[in-house]
Amino acid sequence: MPGGKRGLVAPQNTFLENIVRRSSESSFLLGNAQIVDWPVVYSNDGFCKLSGYHRADVMQKSSTCSFMYGELTDKKTIEKVRQTFDNYESNCFEVLLYKKNRTPVWFYMQIAPIRNEHEKVVLFLCTFKDITLFKQPIEDDSTKGWTKFARLTRALTNSRSVLQQLTPMNKTETVHKHSRLAEVLQLGSDILPQYKQEAPKTPPHIILHYCAFKTTWDWVILILTFYTAIMVPYNVSFKTKQNNIAWLVLDSVVDVIFLVDIVLNFHTTFVGPGGEVISDPKLIRMNYLKTWFVIDLLSCLPYDIINAFENVDEGISSLFSSLKVVRLLRLGRVARKLDHYLEYGAAVLVLLVCVFGLVAHWLACIWYSIGDYEVIDEVTNTIQIDSWLYQLALSIGTPYRYNTSAGIWEGGPSKDSLYVSSLYFTMTSLTTIGFGNIAPTTDVEKMFSVAMMMVGSLLYATIFGNVTTIFQQMYANTNRYHEMLNNVRDFLKLYQVPKGLSERVMDYIVSTWSMSKGIDTEKVLSICPKDMRADICVHLNRKVFNEHPAFRLASDGCLRALAVEFQTIHCAPGDLIYHAGESVDALCFVVSGSLEVIQDEEVVAILGKGDVFGDIFWKETTLAHACANVRALTYCDLHIIKREALLKVLDFYTAFANSFSRNLTLTCNLRKRIIFRKISDVKKEEEERLRQKNEVTLSIPVDHPVRKLFQKFKQQKELRNQGSAQSDPERSQLQVESRPLQNGASITGTSVVTVSQITPIQTSLAYVKTSETLKQNNRDAMELKPNGGAEPKCLKVNSPIRMKNGNGKGWLRLKNNMGAHEEKKEEWNNVTKAESMGLLSEDPKGSDSENSVTKNPLRKTDSCDSGITKSDLRLDKAGEARSPLEHSPSQADAKHPFYPIPEQALQTTLQEVKHELKEDIQLLSCRMTALEKQVAEILKLLSEKSVPQTSSPKPQIPLQVPPQIPCQDIFSVSRPESPESDKDEINF
């Protein structure tokens, strides 16, 4: 296998596999430690059998097993369990829980936190052991109606159990149980595996077969193997003297190295049939003993040890020397490592040349042995002149000589010359050249030459003639595999794919190739007929059909229809099967491996063998969006079926559809989003609440003077904005209430009027600037409403004063009024004295008798005479005439009773300005006094650090009444409430 050199060595999260292996005989749950209530993300089959719940029923329930609590469950134990989870501790409890059928059972519950590579607790492991037999019988409603016999039986059973508990156990038995429990349910932080991605680990005394040391060692063994393959035939054929200490030591060192290699093979990992790396020492030893151990042992026996002794029989020495040929079995090491070396092009070329030369060397040794055996006839002690050795000796001038004293033949070519000549002959024969200077003459030599030519022709044709074709036929998948890898590498290099993603791509290709062995399943199935293809698909998906009860009632035809639609995919660690937000268009069955479901960066479920995830297509009409990511933790094999294909089969097989929808339970439904709260978020909220609780609040009471002061400023600002934005701000109405004088006297033409200002912004009579001031003169409008009559008198005072710059106070208003009087003065100068005369007196009786004030219709007509204005003023109701101050700008055609002279108008305006300035000064002084008192109170309260109390109302501050002028009314002007008093009136 091309990918078999290293095996599947990508980092993977084998936490679930390790826990299942260690707790194979127990029941356990896995809960997420980062989500509120620690929901269950995995439960093994043992817990499902013990509790009676299906895995889908247990998922997302609390790891504290609160769903199994009942009326007999101890409340204190429940609280201790929750505290253990809150504190991320390890602990064990004896707790009474209820099965799904509400049967009470005593459990020995052990809790242990699982940490990741950052030492953060991410999971909780909860193991359960049924200890009901060791506890007292549970008293519930079902046991209250027992008969006397049943109670007697229970009493006997209790007595026996008590005796067994009180009887001292055997020491060995106790140690055995303790060690067994420690092996299966050890909950120490050093023993429990971590939940993280990690490369496959090996024990300390196990060597990885792909590590640098082992790779170097394999190349050394390869070189020594070739050395053995060369020297063993040479020593056997040419009978080299074993007394050569150097060669003897070298051979002994080689033998020791091969013995060390045997020891290392007992501690070296190997690749299993599924592509996984086997690091279990027991499996490694059994595998080596069954395969290459015997061959390696025979090739490492010290056959030269006999040569270390002197006076050894020549026959025995030759026998042991011949046994050295067994060392050629070391070539098996080359065969088993051949797939390692064939991955390199230069190594392939070197190996081919070495093989050709090695065969030529072996044939040369055999060729010399034949010549040496035939050149001297041991029976007659004569030399054969037709042997190739004799002919060679004659040709090179080193003939054989007979030693009469010793009775043996001596001389002849040297061993080096003989070996070179033998190798020369075999090479020319193998390459079909054959120069003819060395040729076979005897029958044996000719027979060997024929055999050598046959082998040589085949070897030559194989290695040099058709090497490319043979490799393509023998390693077609290998060539395709390397071609695919090269294409992928070029693609990744061309588009500069990141290193991490490149490694994932390469690992996925290697792992997929190791699983499929380079065989295109779809291509093979397309060759088969429909019936055979369906049978093959049923066989390929047999694990899904046999493990899930939803397929048990399916007919053969239904299974065949489903099997054809199933697809098998292989996922590498870290691969995402579903991204959050993408469409869920397939139903996935986990056959091997483990996956995790991640929602909002939290693990909400861990899926293993036999789990199903996806969507319930047969109950939903729309295509679902994945609410979480599904990521592979290890190498996974998934069998998936598309939504359309599944619905098509269910629509056709209606009977199976009902059974399928009823019996198939999804372990994880990606359509439904799991609602949870993170413990970290809850802690943050609690910290924020505590922080706000501990903060010192700097709030001021509602009745505090400072709050009242700022509230007053705010109200004044709002009212000022409202006053400037009124739709008809031309008329600033004043409510005037007439009331009798305090002394009770009635003065003709004089009344007491209370003027309450509607707009609380102004503390004195002011003029409001309107939009019409750009076209005509500004005038003040006031309504006088006496309280005495049934029908209140409404008097409008029309002022001829023009406001150019809007509302003003103090000297600013005086300045504006002065400019207005100067303009008015010019106007009055153009009016004659006769036209400005009118009746100024009014009969008091007439005013008292009438309930309403009638307006005097004054009409002014301009004559055509130069500068003379005629007046048809009638003086029948002169007492009711209005002053020029009461002139309304809106009544342009009204009749005017009289027109005062310019000096009187100027005097009136000055008096008004004077009064207003005094009022403003008095009001400002009062407010400054009030503000000073309030500031003093604030400073006093702040210094004492006590709760401020509501200030008492401030008494009214009377203002000095200015000197009266003739026909002057007394007004009482009210202003807005201040923080010091509810009513603050100013009389003048």
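Including glycine, each Cβ sits where the backbone N, Cα and C put it.
If you check Swiss-Prot, you'll see THR269 and LEU670 are listed on the same side of the membrane. Listed ranges 20-31, 68-79, 692-703, 704-715; the one Swiss-Prot annotates as region 'Calmodulin-binding' is 704-715. Within the set ASN170, ASN403, ASN830, Swiss-Prot records N-linked glycosylation site at ASN403.
On the 0 to 100 pLDDT scale, the topological domain 'Extracellular' (313-319) averages 61 in the predicted structure. Long-range neighbours of the transmembrane segment (244-264) within the same chain, counting only residues 6 or more positions beyond its ends whose Cβ lies under 8 Å from a Cβ of the stretch, are 207, 214, 217, 220-221, 224, 227-228, 231, 235, 293, 296-297, 299-302, 304, 307-308, 330, 333. Helix, strand and coil counts under DSSP for the topological domain 'Extracellular' (441-446) come to 4 helix, 0 strand, 2 coil.
Each residue in the topological domain 'Extracellular' (368-419) gets a DSSP state, and the totals come to 22 helix, 12 strand, 18 coil. Long-range Cβ contacts of the topological domain 'Extracellular' (441-446) within its own chain (Cβ-Cβ under 8 Å, at least 6 residues beyond either end) map to 367, 370-371, 374, 384, 386-388, 391.
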